[in-house]
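Shown next, in structure tokens, is the structure this report addresses.
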Amino acid sequence: MTSVDVPVPRDSNLPSLSRVVRKKTIAPPPLPPPMNPEDMPWRGQGGRAPTLSSVEFDRQLDKVAMWLEEWNHEQRCQVLEGLLRRSNFRQFQFLNTSLQPALHRDFMYTARTQFPSIEFVPLSTHTSRKLKEKLIFTRQDNYHRIDSAHLTDDEQAKQQAQEKDPLRLPEITNGNPSKSAPEVPSLWSVVPSKRPRRSVSLIETQPEKWVGDGKPLYDKNPNIRYIDMPVRRHIQDEQSPRYSLQVSTISAHNTGPHVVSGQIHKASAVSGSTGQLSKSSSTSTLHAQSDGALTLQRKAKIKNKSDSSKSLEIEANMLYNWYSNNWTDVKRNEFLHKLLLKIDPRQHYFISSFLTARQYKDFITLLPETVSLKILNLLRVHDLLKCCMVCKAWNSLANNMDLWRRKCEAVKLEIPIIEAETLDWKQLYRENKFLRVNWNDGKCKITDLKGHTESVICVIFDQTRLASGGLDKSIRVWDLKTGTCMHVLKGHVKGVWCLNFYTQNLLISGSYDGTIRVWNLRTGKCQKTILAHDGPIWAIGRHKDNLVSASQDKLAKVWDINRCLLVQTLTGHSAAVFAVDMSEDGKLAITGSADKSVRIWSIETGRCLRWISVSQTTSIMSVSYSQGFLACSYGETICVYKVDGPTKLVRKYLDIVNEHQKRIECLKLQISDREKGTGIIVSAGKDGRVKYWDITKEKSLQTFIGHRGKEVNAIHFDELRIASAADDNKIRIWDFNI
């Protein structure tokens, strides 16, 4: 019997019986992308990694080093000025930091000793002036200070770094003119340089400054130069006659720049000034041509000013092109770092002066007035006031009336503007600002008006006058400025409960006797009398010729006060109507009643548009409407509703401990921003307190107590003041415009 192994296919869905050890394979972290040689950071003295670009950069630095050895102080300053004008903020920041070690505390003295032909004067800055003011204020400025130079433009910086003719001392002969004095090295005598030249191409030598015993205090060729090695190969090749012959041969076969008989073609200078570098062989050939041509030209220069200036122009243009077009910020900073090691203190002082003039330049006075005003208009008012203290020119610009008029237009002016030809907008802005601060801090001027013999029930005022009515059946008109009583109006047989100014010379009053009277303020007599209601009139509200009166007879009536004609009778309340107000457009009337409800009426139709059940326990004593918001009071509670749309309770104030402790008799609402829902409320009650509220906050901002705890019956306020009438027979004015 033979056994045959039959392979059985394995179901992939079944679990495997053999234990398979699975090794976790951890993927190696991804390698960082290769860094572009152009993006590699500068690593200090050694430069960057050697790349094609860095080799070309070193080649350019070598040429600049050779040019610097030929340039004198004036030419160096010209080139430095061109470089600084082509620099940006990064280079200015780098130079300000790098110059700090060089411009140490003994720099001025040491540099003046080495180079007496230049006056190294300390530079005046804002920091130094503030420090001096502080020392003088603390009486610590008791030592001698050298006068400093205040630089305002670039020309002054250049003049400050110019060399002056040195002072030569007269020869002393000891009274014997025939005997000549021994030859002693002069203090500023010129001695040729003792250091060997590093370049064959340097024909001109600049005089060195020597002092004392003939040893130079400063050598123009410093020990630390950024070619701290033998002359590079390409420099040696350019200096050899064989390389010059090759360059001339190559130039003869090309259409580009060429050299003939030692004379450089005009196109050679143009192509050399462009300085466009490329990695291709053709571009390198052009570089060799232009650089070789410059070397030949430098050898063939004549010692005169015209040729020197022409050579300087060509070399400077090539340097400017490299600096502006070819070098990045890293290369520029590396070049500037090595340049600072190459130049002497005279150029250090020039760079420092130039940067100081640039940093502290008064651009506001240099620009046209219209441009300066546009710049100042972008500042905040606090910063604008600081500009007034800088100088007379800034003070004149910062006090410009057009500038402050724009500032006033940007804010809400709560102070009334008086029409005048010459309006002081700055003073207007100041008063408006201090007015709001006084409101928030409760700082005000208090004036008491005394004259009523009994309790004062109502008060109202405009810009110049104030009217009050009391239980003594009289109406008094006061001058707001002087506080004197102008008129005493008598005619009502009972107490006067409400007042309203109709025109400049007409005043409307409502009394407990149920009548409405119109008074002429010129004559002091009653012009019209309306038998309005069957009960006392508690409140009136007016918009133009429409007058709404609220009475004890449960009615509110709309009158055409000009014709003394009844327009509408608003019926619906089931109890006495204690409060009334009107909308800004005069289309709505709002009434508050003892039936614990508030109703909104249409003046045109006399229909009730909205009914709001405010209280469950007590009467509505006061209502006030402003820009779609309604405020009402009952007991010690204030409610604020938004009625422009669906009725919504916005805020409810009820704090018997910290706020009103007795019934609130009156309140006034004023909305400042309808969209944001911001505004203020002023309320008063039987506890003798007058409170000032912000409807966006839960607690009152200020509390005023001034009637000796007597009951406050009425208030009226505007942007400048609050007037309150109380049972102590007087009116108190809280004036915040101080």
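Using the three backbone atoms N, Cα and C, a Cβ is placed for every residue, glycine included.
TrEMBL assigns the feature region 'Disordered' to one of the listed ranges (24-51, 220-247), namely 24-51.
Sequence-distant contacts of the repeat 'WD' (489-529), counting only residues of its own chain at least 6 positions beyond either end whose CB sits under 8 Å from a CB of the stretch, comprise 454, 457-460, 462, 465, 467-477, 535-542, 547, 549, 551, 559, 561, 564. Counting residues 6+ beyond its ends, the repeat 'WD' (530-569) has Cβ neighbours under 8 Å at 494, 497-500, 502, 508, 510-518, 575-586, 589, 591, 593, 601, 603, 605-606 in the same chain.
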